[in-house]
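Enquirer: Before anything else, here's the structure in question.
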Amino acid sequence: MLTKRIIPCLDVTLDASGGTVVKGVEFVDLKKAGDPVDLAKRYNEQGADELVFLDITASHEGRSTMIDVIERTANEVFIPLTVGGGINSVEDVRQILRAGADKVSVNTAAVKNPEFIREASNIFGSQCIVTAIDCKRNLDVENNQDKTILELEDGTLAWYEVVIYGGREPTGLDTVQWAKKVEELGSGEILLTSMNRDGTYDGFDIPITKKLSEELDIPIIASGGVGNPEHMYKGFVDGKADAGLAASIFHFGEYTVRDVKEALRAKNIPVRL
């Protein structure tokens, strides 16, 4: 088993002070969690393998991403930084990488224009392009026989629908089919968030995480629902994810990154300590 990565995620929304990290349940009812640069430094010191910054209001409000927050963070933190939110063009990618990010995460723009993935990965390299896929369970399997039907933990059947604009708009796209297309187009990684689990503390959505991990060759970062180190463990063992992303458990001080890594190491999951 390859070394598993633990990645704190900072959902950032812009305010007068130049960025506030927020975390809500299913992207609504957002609670403030602190200054993004301070939190990034804290996670760096705790041994995070990477950081993800998502400007969660950017796509929705059509605002360009917060370059200054990226620059300040990149000056303080020396682990890989992925930035997403409102990235719609090659020029956006260029600006964010120039500001100090190592990778960009594309989501809504990739669904609207899949060739954007190919274009960006051709210019900057696949290793720089992470495609974020937000999905929701859809229990209407009767009328969706062309979709990838999976069995949920309770035996119910469902397919996973790709949603965009921060989870607000369903697309009709099947998550497994879309993920395969994204890989073909040149994305180097997939950041998979189940909206059914986001912020719930119920653990990762294992059926879809496992399916993508088995079907694709590129790394899958599991996201949405981590409440304790055991959830991270299940994401790696049952979900076969390459990396685990979490927000709430780190932001509100319930666990440090080191706590999670030590718990994983005690269960023989290879992590960098």
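Keep in mind that glycine also has a Cβ here, set from the backbone N, Cα and C atoms.
So Swiss-Prot lists the following for this protein:
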- D11: active site (ACT_SITE)
- D134: active site (ACT_SITE)
Enquirer: Reduced to three states, what secondary structure does DSSP give D134 (active site)?
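Expert: The residue in question, D134 (active site), is strand (DSSP, three-state).
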Enquirer: In whole Å, how far is D11 (active site) from D134 (active site) when you measure between their Cα atoms?
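Expert: On Cα coordinates alone, these residues lie 14 Å apart.
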Enquirer: Around D11 (active site), how many other C-beta atoms are within 10 angstroms of its C-beta?
Expert: 27
